[in-house]
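As structure tokens, the structure follows; a few thoughts come after it.
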Amino acid sequence: MAERKVIYKYYPPDFDPSAIARRRGPKPVGASKLPTSRMMAPFSMRCNSCGEYIYKGRKFNARKENPHKKYLGIEIVRLYIRCTGCSAVITLCTDPKNKDYECESGAKRNFEPWRAAKLAEETEEGTMDRLEREEGERDVMRELDRKVEDEKTGMAVADALDEIRSRNARQEHVGKDGVGEDAEVREKREREEEDAKDIEIAHQAFAKMRKGEETEECEKKLEGTIDWTMRGAKKKQKSSLLPGLKHKMSAK
């Protein structure tokens, strides 16, 4: 293993580098030297060789070629892909005039056969008429939007004026009974009434508490009087029994 992984190699004294044949091959020519680009199928197509359908969005490694053609200064690019069924070459080309792609060879485009016919039938005068018609439609829509905005603004102004007038009328026709009074005045009056009710309830609660305290004091005084009366009666009973006991003791 060590002999096969040498770092230094031996060159004999009679070594001639010019005698070694160069192994570099010729440069690739043709399609093999084209750069590769990752792309997705721009439209659905059908292969002319095997009839395989290739749907839009299928990914390919396409070879990109510049055919040196331009449209209004925009370069046209040719792309080469292969069919997923038979590997036949399909050639696509960019179409800057119609902002699309064109299938040159190897396959046929699906679903939009009217595109080429419509573009071929439309002349320069037809194009100008179509552009003028589209511009007129845009002007009509812009005018309609402006009218709608004006109507919305007018309705908002009218609503604001009605609100101001109704508020002024309520303030002018305020009655003594509160009919027609302003919302702020009515709310203030209701708040004052609630405060008065709360004060009255508090007074009643304090009065009940005072009555309860007076009742407790009367009960305590009554209990004290009863205690003193009972104590006096017991003392009198003891004093009445002492002379009899003394007489008995002396007799003995």
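Even glycines carry a Cβ here, placed using N, Cα and C.
As recorded in TrEMBL:
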BINDING   Cys47, Cys50, Cys83, Cys86  Zn(2+) binding site
REGION    168-198  region 'Disordered'
COMPBIAS  168-191  compositional bias 'Basic and acidic residues'
REGION    231-252  region 'Disordered'
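Feature annotations (TrEMBL) mapped to structure.
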residue: Cys47; record: Zn(2+) binding site; CB count, 10 Å: 20
residue: Cys50; record: Zn(2+) binding site; CB count, 10 Å: 12
residue: Cys83; record: Zn(2+) binding site; CB count, 10 Å: 21
residue: Cys86; record: Zn(2+) binding site; CB count, 10 Å: 12
Residues close to Zn(2+) site centre defined by Cys47, Cys50, Cys83, Cys86, Cβ within 8 Å: Asn48, Ser49, Gly51, Glu52, Thr84, Gly85, Ser87, Ala88
